[in-house]
Amino acid sequence: MHILLANDDGYLAPGLAVLHAALAPLGRITVIAPEQNHSGASNSLTLQRPLSVYEAREGVQKGFRFVNGTPTDCVHIALTGLLEDKPDLVVSGINQGQNMGEDVLYSGTVAAAIEGYLLGIPSVAFSQVDKGWEHLDAAARVARTVVERIIGTPPAEPFLLNVNIPNLPFEHIRGYRATRLGKRHPSQPVITQVNPRGDTNYWIGPAGDARDASEGTDFHATAQGYVSLTPLQLDLTHRGQLDALDQWLK
């Protein structure tokens, strides 16, 4: 089993190191991650300049390769030229903070898994609910459990999974739930600041609170102490509007 690891928090992030340690007994692990934090990068590719790949020489990251680009860059170049043999599985994470509801449209963590899926490799994104790295050991144990299940009982079709893990001690996690994406309220307003030169600067505001956290959603499952596993698809066609649009065009 050959597993490619990526993330969006950068190759020095604790979530990547513990994920690597947790999955190492399961097979050969290749790490190719961004040099810097690229949270919110979504599926962006770097097209205006060449990319470089480096290798960490010390610490727990020794042997990790990192790229001066986005999470999608990392997986793309890994699967389209950098690696001589393609991995059996792409795993992204463990992200610092949840990726639920509309978060999946912005998340670099989910984007890395999407790129693997687009290039024909089963892919999983792992995120830990709430900021901070509390109970990261528990999140790593959950990730290993999910990957072991994938290895032992592979799904019948190529898959793209989004996994969100409650920020709890392992013994307090109640189990696993198959979920759908919930929905958020719109994001909070931008935060404005005036710098010493008198220029106005803008910071993107916090994400909106959950609007649909009903039973069956990722928001509901994690709030109840369950690990949320959401199968994703990439077809954004609104099929319910096709007939109406066709009539509108006539």
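From the backbone N, Cα and C atoms, a Cβ is placed for every residue, glycine too.
From the candidate list S39, S123, the residue Swiss-Prot records in the divalent metal cation site shared with D8, D9, N95 is S39. Within 10 Å of the C-beta of N95 (divalent metal cation binding site) we count 29 further C-beta atoms, all protein chains included. Sequence-ordered, the extra residues of this chain that approach the divalent metal cation site, with Cβ no more than 8 Å from the Cβ center of D8, D9, S39, N95, are N7, G10, A13, G15, N37, H38, P71, Q96, G97, S107, G108, T109. Within the group of binding-site residues (D8, D9), the Cβ with the highest number of other Cβ atoms inside 10 Å belongs to D8. Taking the Cβ of S39 (divalent metal cation binding site) as reference, residues of its chain lying under 8 Å away and at least six apart in sequence are, in sequence order, D8, D9, N95, G97, S107, G108.
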